[in-house]
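S.K.: Have a look at the structure that comes next, please.
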């Protein structure tokens, strides 16, 4: 099916999901919308996140997508159930794939979660993990500085390092698996891994979500069967300088992935 | 949904899938049928494998299962399409989850596959991988001795070691990911890893299949919501001494997993 996979996020974090979709499903077209104007969603109240998410969804539905990925943990926490119920295309959030991957990987059943305040306070990961396996012990930690820091393009360097160390020092020491419960966090994965040591396996909700989109598209016979390179479309609601920088430099779309990519400003 | 997940295999190999289902989905009941009397399926012609597989499927359908896992790569290769079309419950094979996991893991896009002659000659993994990502280079190797060796309970020791070394020496050296394309192989995973070295990541189709069963049951709202320990049922068509040995000792069901387990002889 040649229709696109729609991807929405509060800003640039969801680009890690788009990147993984393009890597794992190179034949699929992506239409991405990042609400950079109103980012971050993490500290916003539930009804506001819901409203903003619906604005984005409506923008993508006009572009006739075959599946919707909510590439934002906060938006997934607040809107997944509602969107699954109301849309007649598969809706995939980023929480459940990360939870299932962690259940697969953990040996000790002690799993850590880091995310925005919204995601952590919503308890969405505890619920997703325990729904499947009640034996999992969950250790959550809100990291309110990470997403804004990454949105500024601060992905390495002294100050980022300091913030990541100070935050990760508060994580429970006995976990063997950590879910990066915010799609921004893969962009500072190396820093987080360094602070925790190699005994802890990091689960990228971005990678795992792309993997499950692949599963669902195949099970529902919706994989694209054509072999031409897809023309991806990227939209932002605000300034897109950091956005384009992340697309080009950090995620390396230019070098390793598919072209062409169009980037446009969206009014939603 | 309190109905069971049905699992079929040519013999004991599928127990690795059952084990992973029980570990990753501890609230789900498993009904397992191993056709130990007619094992191995690997060298048998396609129409025979189809007939035997349908015998097993009919045995399980009488027990009112909510999903069917074909925990045998050979049977998946020959019957998945037909079973998906004819049954009105989700049918999950072991090939596609392993393929998707390999696509997620590989960095070099050079993926090795080992399996029975039937699985390798069917080209089912090449098809599954390239359908999703045409850039993957696939290096296949049939390992006709592995499954019969494991069915005899020979999981370590000098002769097993020799067979595994001699076989794995023939694998292409540049792969970074190897799919264990037979559900028996996780039982000799350590030996295979030793022969290939730690740079190659092994993908267990058993683990990955359990992960995808979890995905599909959630997406279709079929996860069991009750919290009591499920009473699993295990059936074999032939002698079940090795079968029970593998359940008890090797997979450690007794110690780490759920009880009770019943083991019965099945006439199919």
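Glycine is treated like the rest: Cβ placed from N, Cα and C.
Pulled these features from TrEMBL for this protein:
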ACT_SITE  B:72  active site, proton donor/acceptor
ACT_SITE  B:182  active site, proton donor/acceptor
BINDING   B:9, B:10, B:41, B:42, B:73, B:74, B:183, B:184  substrate binding site
S.K.: Using C-alpha atoms only, work out the spacing between residue B:42 (substrate binding site) and residue B:182 (active site, proton donor/acceptor) and round it to an integer in Å.
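M.R.: Their Cα atoms are separated by 10 Å.
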S.K.: For residue B:9 (substrate binding site), what is the tally of other C-beta atoms lying within 10 angstroms of its C-beta?
M.R.: 31
S.K.: Which of these active-site residues has the least crowded Cβ, counting other Cβ atoms within 10 Å: B:72, B:182?
M.R.: B:182
S.K.: Round to the nearest Å and give the CA-to-CA distance linking residue B:72 (active site, proton donor/acceptor) with residue B:183 (substrate binding site).
M.R.: 6
S.K.: Return the maximum Cα to Cα distance in Å (whole number) over the record's substrate-binding residues: B:9, B:10, B:41, B:42, B:73, B:74, B:183, B:184.
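M.R.: Among the residues the record ties to substrate, max Cα distance equals 12 Å.
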S.K.: Within the chain of residue B:184 (substrate binding site), which residues six or more apart in sequence place their C-beta under 8 angstroms from its C-beta?
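M.R.: Expected: B:11, B:12, B:13, B:16, B:146, B:147, B:150, B:151.
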